[in-house]
Amino acid sequence: MNILAPVRRDRVLAELPQCLKKEAALHVRKDFHPRVTCACQEHRTGTVGFKISKVIVVGDLSVGKTCLINRFCKDTFDKNYKATIGVDFEMERFEVLGVPFSLQLWDTAGQERFKCIASTYYRGAQAIIIVFNLNDVASLEHSKQWLADALKENDPSNVLLFLVGSKKDLSTPAQYSLMEKDALKVAQEIKAEYWSVSSLTGENVREFFFRVAALTFEANVLAELEKSGSRHIGDVVRINSDDKNLYLTASKKKATCCP
């Protein structure tokens with residue numbers, strides 16, 4: 001018996017959501033990896049549809065982690081600030097290329113006294129979202145330490161990284177432009193995909209989480225194909241900050257069908 005909630009109509013992905021900035025993206029292709037598309041069409045995605053992929057959200061106190069998750073999952077925004085104690089999580093169900101896919105979004109505390117508690121839940125993440133306040137330079141500077149802490153419990157080669165600037169609605173165009181330049185540099189340094197959002201207005205929130213779901217799904221299917229004996233895992237999802245071509249290709253052969 002399937003105990004998971006049914007997929008909502010607004011959580012169905014038939015195509016790959018695009019990145020926000022090509023200069024800081026995990027990859028810039030317009031479509032899903034050909035082998036992923038083929039595997040979905042042939043119903044050869046293995047156990048991907050039954051797995052729950054863990055996504056952890058980290059960052060300084062009051063940068064807007066909870067508001068970001070609540071805006072996407074519940075379409076709400078609470079102006080009354082309440083600090084997260086320890087950890088909390090939300091489950092989101094998607095359908096990607098006809099395959100059910102689940103994300104578990106872990107909202108972690110940014111307070112120092114809860115850091116030890118929160119860090120125990122970092123392990124097993126398939127994606128790490130580092131949130132900073134677009135109006136607070138210090139929160140951006142701290143993002144590298146948050147990443148370092150999260151990677152202590154995870155294999156860096158097996159997680160997707162996202163750097164998200166929050167509270168865009170509070171920034172003037174001039175302020176945002178300056179902060180974005182710094183944020184893009186950090187994103188390139190840590191090999192993360194950059195996004196800017198506003199949980200108050202909802203700007204880019206839905207697009208961002210759809211992108212997270214799609215790329216996590218893609219990585220899961222490619223891993224499943226590799227596990228099942230595929231000879232070529234395809235494209236490696238990582239930024240190459242030393243090359244204009246941000247998408248590193250493990251194999252330049254165009255796959256037309258799954259082996």
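Any Cβ shown, glycine's included, is placed from N, Cα and C.
Computed from a predicted structure; not experimentally measured.
Noted in Swiss-Prot for the protein shown:
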{"type": "BINDING", "residues": "THR66, THR84, ASP107", "note": "Mg(2+) binding site"}
{"type": "LIPID", "residues": "CYS257", "note": "S-geranylgeranyl cysteine"}
{"type": "LIPID", "residues": "CYS258", "note": "S-geranylgeranyl cysteine"}
{"type": "MOD_RES", "residues": "MET1", "note": "N-acetylmethionine"}
{"type": "MOTIF", "residues": "71-89", "note": "motif 'Switch 1'"}
{"type": "MOTIF", "residues": "108-127", "note": "motif 'Switch 2'"}
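DSSP classifies THR66 (Mg(2+) binding site) as helix under the three-state reduction.
The Cβ neighbour count for THR66 (Mg(2+) binding site), using a 10 Å radius and every protein chain shown, is 23. In this view, ASP107 (Mg(2+) binding site) is surrounded by 24 other Cβ atoms within 10 Å of its Cβ, with every protein chain counted.
In this model, the motif 'Switch 1' (71-89) carries an average pLDDT of 78.
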